[in-house]
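*Asks:* From Swiss-Prot, for reference:
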type	residues	note
TOPO_DOM	1-784	topological domain 'Extracellular'
CARBOHYD	220	N-linked glycosylation site
CARBOHYD	258	N-linked glycosylation site
CARBOHYD	274	N-linked glycosylation site
CARBOHYD	336	N-linked glycosylation site
CARBOHYD	418	N-linked glycosylation site
CARBOHYD	481	N-linked glycosylation site
CARBOHYD	499	N-linked glycosylation site
CARBOHYD	531	N-linked glycosylation site
CARBOHYD	551	N-linked glycosylation site
REGION	615-635	region 'Fusion peptide'
CARBOHYD	716	N-linked glycosylation site
CARBOHYD	720	N-linked glycosylation site
CARBOHYD	728	N-linked glycosylation site
TRANSMEM	785-805	transmembrane segment
TOPO_DOM	806-855	topological domain 'Cytoplasmic'
């Protein structure tokens with residue numbers, strides 16, 4: 001019997017109370033009884049001596065009754081099995097506690113487990129014997145069931161931990177492909193750009209994504225020099241001209257030129273070639289043609305296909321240029337355009353030449369000068385026609401109006417115009433394609449709306465001093481007897497009326513074709529009958545090219561001398577060269593499809609929701625413009641990259657939801673077209689390398705993908721860690737210093753796309769293996785979350801135990817219920833005869849001994 005019980009048989013101490021409560025619990029159990037019919041408070045883990053004394057005081061009446069019951073109890077045949085089962089459950093509980101503490105890493109419990117929640121001395125056993133329990137005695141208790149699960153779970157946890165560590169160590173040095181990085185670089189000279197125009201006033205350009213013109217942002221990024229939009233000026237001009245005239249109808253042949261090209265021996269031996277040049281005639285409407293030709297339409301050029309414009313002056317990135325007034329034909333008055341007068345320095349034939357050297361007159365020191373000159377024109381009715389009755393308002397009643405006969409060949413739309421300044425023009429200059437006789441000038445004229453006439457614009461040509469001899473070329477100057485030249489006065493004096501006419505056609509060379517555009521019908525539809533006037537509408541920023549004229553000392557033959565000391569060049573403005581000059585400030589850049597960076601980028605990449613494909617808008621505009629311009633290092637850019645993704649994702653979702661609610665069809669049209677266009681553009685980027693990136697393990701929503709080690713080792717894609725410097729380098733510097741690395745990855749993509757035999761075979765094997773074990777690659781991510789959760793819960797429980805003593809009793813009860821804590825029940829026996837038998841019961845049945853023999 002315990003020492004405390006022997007000292008005072010009336011007062012029941014903690015040790016005797018513990019055994020009495022064990023007996024009380026054991027009597028409630030059967031062979032297949034519940035695992036935990038009750039909890040012995042004296043066996044709660046961590047109970048103190050003071051708490052045991054308090055329990056004794058509270059439970060003293062109950063304990064006295066249990067002691068009396070034990071003295072009267074009869075040891076029945078079934079009691080031995082109950083005691084053996086209680087003892088088995090006690091040790092099974094200790095096993096479960098060991099597994100749980102092993103699971104949470106509390107290994108010191110394994111060393112001190114016999115001191116926790118048990119008597120200071122265990123049940124006395126004279127000689128340790130091997131205990132054996134039948135399966136009926138063990139049964140399938142909750143402890144056994146959960147113990148097996150806990151053991152399997154613990155083993156699986158550590159197995160996954162080892163696998164995860166192995167995978168992490170195996171991929172720690174992997175290299176990562178950063179898809180669509182926040183970076184812009186110059187395009188190559190050989191790259192093809194796709195562009196279109198946007199002009200709100202012109203239907204020919206309204207089919208483009210007009211809203212893209214507003215997608216721009218300032219940046220302090222410095223981009224390496226590369227091709228500008230001016231490199232494609234000729235192609236852009238040709239396309240714009242076709243857009244301006246695309247609604248023109250082709251009619252009959254306007255002119256046919258027959259020429260003979262002789263061979264090196266003349267026409268001997270049939271070496272002559274007869275060439276016939278056919279100039280077709282196109283009928284056009286003035287409102288769709290003339291405004292474009294004179295640069296009256298504000299046109300923005302926008303890039304597609306992932307290309308972006310970088311304004312070298314304003315440091316802005318945008319999809320479109322600022323609105324430009326682009327004249328499509330040669331003009332005397334035009335925007336500021338640099339021209340060269342020294343022919344020895346002219347390499348590009350499209351650059352306008354500012355002087356001539358085949359005359360004695362030598363034009364040099366050409367300069368562009370702005371001007372405020374105005375041309376005023378008025379028309380007086382003088383053509384044959386008929387009086388027609390016109391219906392007027394009720395006040396004026398009906399009246400008769402004069403309508404000229406436009407179908408008559410004698411009908412000619414003539415005007416009288418004057419200039420506000422004296423204009424002296426240079427020697428010879430061509431007008432369109434085909435010589436214009438006499439002194440001449442062309443300009444645009446605007447007519448305001450009135451009661452009898454609508455608002456309109458016309459192209460007017462004024463000619464004076466037209467020579468009678470068509471074989472001679474009218475040349476500005478006063479020198480007589482010049483071979484092949486007819487001297488004319490090319491000065492247009494201020495406030496002097498000159499005979500002018502509406503220009504009803506013009507000839508242009510587009511690409512390799514010469515075309516004549518007939519606008520006779522367009523002129524008729526603008527109601528030119530009657531008396532009206534117009535004023536030139538030259539933009540205030542336009543001017544002309546003024547050159548100094550000096551006479552050379554050459555006197556070999558009679559040549560035309562300078563009429564004045566200065567001369568204005570007619571049709572000096574070259575539309576292609578002018579367009580090139582306007583577009584030189586726009587550098588064409590692109591966002592790389594991918595950037596190879598070290599694997600450590602994945603360490604400081606925040607966990608965020610994957611973005612949808614239309615969030616490429618943020619990558620191509622907001623991020624590339626604002627983010628890349630901060631000059632931040634690669635480490636900071638990764639975080640900012642995902643912040644922009646998340647922010648823009650939320651913005652797009654909110655805008656789309658608002659549009660659905662309000663059902664603003666007209667307002668949302670441009671937005672929908674913009675989003676569709678950007679989706680297509682982003683999909684093109686993904687589809688271009690879709691197969692290759694998929695084989696590398698990247699899906700369409702992933703922006704960081706690891707390159708398989710066998711690939712970057714095979715292609716020797718070694719990253720210079722010194723240059724990377726743990727991410728303390730800007731992405732622009734990294735791209736410039738690792739171009740060879742990016743090129744090698746491009747070779748990998750191309751090899752995969754071209755179904756390289758070796759790569760294809762390896763990828764097939766990799767695909768078969770990945771179908772089975774592909775989920776292993778995500779284990780480290782899962783383990784991080786699982787391990788972090790377990791550690792967090794463990795630390796939280798530990799803090800509660802240490803910092804909240806008032807909740808200790810509640811926590812004990814909860815732990816006992818969760819762990820299924822069970823105690824043993826051993827009754828006290830007073831007779832010596834029964835002592836031996838009880839020792840057998842306490843020790844359990846020996847192997848090979850029946851219950852009756854044991855009793």
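Positions of Cβ are set from backbone N, Cα and C atoms, glycine also.
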*Asks:* For the glycosylation sites listed here, 418, 551, 720, 728, which shows the highest count of neighbouring CB atoms within 10 A?
*Replies:* 418
*Asks:* For the topological domain 'Cytoplasmic' (806-855), what's the model's average pLDDT?
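*Replies:* Result for the topological domain 'Cytoplasmic' (806-855): average pLDDT 47.
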*Asks:* Within 10 Å of residue 258 (N-linked glycosylation site) (Cα-Cα), which of the glycosylation sites 274, 336, 499, 531, 716?
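*Replies:* Cα filter at 10 Å returns 274.
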*Asks:* Taking the Cα atoms as reference points, how far is residue 716 (N-linked glycosylation site) from residue 418 (N-linked glycosylation site) in Å?
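*Replies:* Roughly 76 Å, rounded to the nearest whole number.
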*Asks:* May I ask for the distance between residue 274 (N-linked glycosylation site) and residue 720 (N-linked glycosylation site), taken between their Cα atoms and rounded to an integer number of Å?
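*Replies:* One finds 67 Å between the Cα atoms of these residues.
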*Asks:* Taking the Cα atoms as reference points, how far is residue 551 (N-linked glycosylation site) from residue 481 (N-linked glycosylation site) in Å?
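*Replies:* Taking the Cα atoms only, residue 551 (N-linked glycosylation site) lies 17 Å from residue 481 (N-linked glycosylation site).
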*Asks:* Specify the secondary structure state of residue 499 (N-linked glycosylation site) as given by DSSP, simplified to three classes.
*Replies:* strand
*Asks:* What's the number of neighbouring CB atoms sitting within 10 A of the CB on residue 274 (N-linked glycosylation site)?
*Replies:* 8
*Asks:* Which of the three DSSP states, helix, strand or coil, fits residue 551 (N-linked glycosylation site)?
*Replies:* strand
*Asks:* Around residue 716 (N-linked glycosylation site), how many other C-beta atoms are within 10 angstroms of its C-beta?
*Replies:* 9
*Asks:* List the Cα distance (Å, whole number) between residue 336 (N-linked glycosylation site) and residue 499 (N-linked glycosylation site).
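*Replies:* Rounded to the nearest whole number, the Cα-Cα distance is 29 Å.
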*Asks:* If I take the Cα of residue 728 (N-linked glycosylation site) as reference, which of the glycosylation sites 499, 531, 720 has the closest Cα?
*Replies:* 720
*Asks:* DSSP on residue 274 (N-linked glycosylation site), three-state: which is it?
*Replies:* strand
*Asks:* Note down the number of other Cβ atoms within 10 Å of the Cβ of residue 499 (N-linked glycosylation site), including every protein chain shown.
*Replies:* 12
*Asks:* Measure from the CA atom of residue 720 (N-linked glycosylation site) to the CA atom of residue 481 (N-linked glycosylation site) and give the result in Å, rounded to a whole number.
*Replies:* 79
